[in-house]
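Positions annotated as domain 'Aspartate/glutamate/uridylate kinase' by TrEMBL: 5-278. Look at TrEMBL and you will find K8, F9, G10, G11, T222, D223, Y228, R233, K258, V259 tagged as ATP binding site. Annotated substrate binding site per TrEMBL: T45, E120, in sequence order. The feature domain 'Aspartokinase ACT' is assigned by TrEMBL to 390-448.
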Amino acid sequence: MSPINVAKFGGTSVANAAAMNNCADIVLANPATRIVVLSASAGVTNLLVALAQGELDDAGREAQLAKLSDIQQAILADLSHPAEVTALIHDQLGEIRTMAQQASQQTDAELADRLIACGELMSTRLFTELLRQRGVKAHWQDVRQLMRTDSRFGKATVDLNATRDLCQQTLGPVLGDTLVITQGFIGADGDGRTTTLGRGGSDYSAALLAEALDATSIEIWTDVPGIYTTDPRLVTRARPIPEISFVEAAEMATFGAKVLHPATLQPAVRQNIPVFVGSSREPQAGGTWIRSTTDTSPLFRAVALRRQQVLVTLHSLNMFHAYGFLAEVFGILARHRISVDLITTSEVSVSLTLDHTGSQSNGEPVLSDKVLAELSLLCKVEVENELALVALIGNRMSEVNGVGSRVFDALRDHNIRMICYGASAHNLCFLVKEGEAGQIVNRLHQELLD
């Protein structure tokens with residue numbers, strides 16, 4: 001079987017016509033690339049989320065719609081003969097206007113997903129036209145005909161078996177001589193209703209399509225040349241990592257490395273598909289390969305940071321020498337599809353960390369009044385905001401003597417709100433005040449990675 005590469009480009013990579021042409025150059029440079037997955041153009045999803053929330057007055061809504069139109073029109077202006085795609089974009093903008101007006105009258109999760117999904121539908125239309133004008137046999141594919149999900153709007157779960165069958169049936173016959181352009185982030189339930197996979201879900205979409213089509217590689221093109229030892233915007237001494245293991249990359253993505261969506265690696269691991277992360281602005285700069293094994297496994301590999309964390313502390317004397325309390329707590333969280341990152345326990349209390357918004361597409365806080373009310377029936381609930389999660393990523397950290405003392409010595413001047421150490425050999429996590437997070441990341445990098 002011929003190799004199949006799935007290339008995914010993020011929002012900054014398709015922000016304008018010049019950026020899209022860079023993407024086209026990258027795609028055409030690799031004959032194995034048969035599937036291209038796109039995010040919405042930079043800024044578009046945020047505009048659509050604001051419209052979907054329905055909180056804008058008439059003037060605010062019109063201002064958002066105008067910005068949205070300007071982004072699309074600027075790209076259209078750089079295409080040679082865009083009559084057909086201009087009509088498609090015009091129709092899409094009209095649908096967005098109608099849905100935005102509906103959202104202003106009554107917010108609805110299904111409507112929000114239909115509205116937010118329009119960004120990817122437009123960016124892929126424009127990119128397909130650009131490729132055709134460059135002489136490429138390109139096929140625009142509505143991913144909703146491929147990506148089958150449940151009906152959890154805002155954060156849908158993908159049906160892997162159904163998606164695989166649909167991909168094989170729909171794309172199998174055309175992949176040989178056609179470049180398929182499709183959308184990340186969105187899917188459809190069994191009734192054909194549009195769903196979204198949560199913010200950042202385009203990477204995950206690309207990996208799922210790669211798994212379904214038995215691809216041999218995945219490329220994630222973004223605005224930075226690979227995965228760094230930490231965010232270079234925080235630490236100027238951060239350096240790119242040429243090669244990293246699936247486990248290390250998954251830890252980094254889970255604990256805040258923005259370059260990769262945490263769920264992306266699950267399909268890659270299942271099928272052992274290597275993943276490349278590079279910059280569409282500087283493709284010649286190289287990047288990071290993520291594989292099942294690597295030649296090196298340093299004790300300290302990277303420092304990750306995830307902001308906007310919530311600490312939930314549950315107090316109950318009924319926990320003392322009792323059973324079933326944690327099961328009830330996690331049952332409530334599971335019903336609301338809330339993911340817990342860290343957990344610590346004592347005889348009479350449990351502390352949990354959560355993302356403020358989770359990965360919900362609509363940006364709503366994950367800890368709703370309904371969730372708090374249900375938890376309050378079990379125990380006293382305390383909620384702390386304005387926290388950040390710092391994670392030291394590496395190998396064998398729980399097995400090597402002296403790791404804890406080195407780390408805690410580096411952080412001696414800071415107040416650590418919560419610690420998770422020993423549960424994994426690949427991470428050591430701290431919950432800290434949001435305002436101190438940057439200093440802590442710098443200090444850890446200086447002491448352990450420089």
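Here the Cβ of each residue, glycine as well, is placed from N, Cα and C on the backbone.
Bear in mind that the values here come from a model prediction, so they are computed numbers and not experimental data.
When secondary structure is read from DSSP and collapsed to three states, G10 (ATP binding site) falls in the coil class. Around the Cβ of T222 (ATP binding site), the number of neighbouring Cβ atoms within 10 Å comes to 24. Nearest Cα neighbour of T45 (substrate binding site) among the listed binding-site residues (G10, T222, Y228, K258): G10.
DSSP assigns K258 (ATP binding site) to coil in the three-state reduction, placing it in neither a helix nor a strand.
Counting every protein chain shown, 21 other Cβ atoms lie within 10 Å of the Cβ of Y228 (ATP binding site). The Cβ of G10 (ATP binding site) has 24 other Cβ atoms within 10 Å, all protein chains considered. Counting residues per DSSP class in helix, strand and coil order gives 23 helix, 16 strand, 20 coil for the domain 'Aspartokinase ACT' (390-448).
With a cut-off of 8 Å between CB atoms and residues at least 6 apart in sequence, the same chain places V36, V37, L38, S39, G184, S202, D203, S205, A206, I218, E219, I220, W221 near K8 (ATP binding site), listed in sequence order. When secondary structure is read from DSSP and collapsed to three states, T45 (substrate binding site) falls in the helix class. Neighbour list (K258 (ATP binding site), Cβ cut-off 8 Å, at least 6 residues apart, same chain): D231. Classification of T222 (ATP binding site) by DSSP places it within a strand. The secondary structure of Y228 (ATP binding site), as reduced to three states from DSSP, is extended strand.
T45 (substrate binding site) has a Cβ environment of 24 other Cβ atoms inside 10 Å.
All protein chains shown were included, and the count of other CB atoms within 10 Å of the CB of E120 (substrate binding site) stands at 27.
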